[in-house]
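*Asks:* Quick one: the structure is below, and I'll ask about it shortly.
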């Protein structure tokens with residue numbers, strides 16, 4: 001589906017917010033992805049599982065962390081996937097707005113075991129509409145229900161998540177950072193939604209079959 005395939009190199013650089021990185025300096029461009037969601041839904045776990053391949057059982061609240069994954073193109077172009085793991089607290093709205101204004105794409109995460117975390121995405125969505133304006137229509141967005149491994153504790157059905165994603169006209173997937181389920185697929189589908197650049201991860205799904213290349217509209 002995509003003419004240009006990108007592959008992830010074996011090494012990735014991780015930085016905290018505000019710090020520099022040799023990876024960033026070597027890149028011709030950054031593709032900035034901001035990850036939003038309530039505290040404890042697994043934002044850091046999903047990001048670290050994707051970038052580092054690791055999972056930490058202990059919950060450590062995040063103010064803001066930035067992870068950079070080097071992506072190389074078949075045509076030898078260099079692109080850096082910059083993933084910002086944002087705070088789950090409502091105490092830092094200015095930081096959230098800044099992440100939205102700079103972001104090229106967004107991942108909205110809730111826990112399938114917590115209805116409240118599902119509801120807490122609403123103010124983030126409203127802020128995205130306010131900050132991005134009409135540009136939100138062409139912005140790739142994935143709605144993610146994490147912790148699908150805890151099925152016995154589920155409070156949000158898959159159908160509920162899919163209905164919201166359908167209304168938003170964006171991507172939807174359920175993941176388990178703990179079991180490394182659908183983590184790579186999440187980022188594959190996110191990049192497949194990008195219209196302005198042809199981006200793809202040449203891993204399990206080189207043709208981007210799991211993602212539909214379309215814009216995301218928030219009503």
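We number each residue from 1, going along the chain as drawn.
Positions of Cβ are set from backbone N, Cα and C atoms, glycine also.
Since this is a predicted model, take the numbers as computed values, not measurements.
For reference, Swiss-Prot lists these features for the protein:
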BINDING   37-44, 56-62, 85-89, 146-149, 177-178  GTP binding site
LIPID     216  S-geranylgeranyl cysteine
MOD_RES   216  cysteine methyl ester
MOTIF     59-67  motif 'Effector region'
*Asks:* List, in sequence order, the same-chain residues at least six positions removed whose CB sits under 8 Å from that of residue 177 (GTP binding site)?
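*Replies:* For residue 177 (GTP binding site), the qualifying residues are 42, 45, 46, 48, 49, 55, 146, 147, 183.
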*Asks:* Averaged across the motif 'Effector region' (59-67), what pLDDT does the model get? Just tell me the whole number, please.
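*Replies:* A mean pLDDT of 74 is what the model gives the motif 'Effector region' (59-67).
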*Asks:* Here the binding-site residues are 56, 86, 146; which one has the lowest number of other Cβ atoms no more than 10 Å from its Cβ?
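*Replies:* If we count Cβ atoms within 10 Å for the binding-site residues 56, 86, 146, the smallest count is at 56.
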*Asks:* Quick check on the binding-site residues: of 37, 41, whose CB has the lowest count of neighbouring CB atoms inside 10 Å?
*Replies:* 37
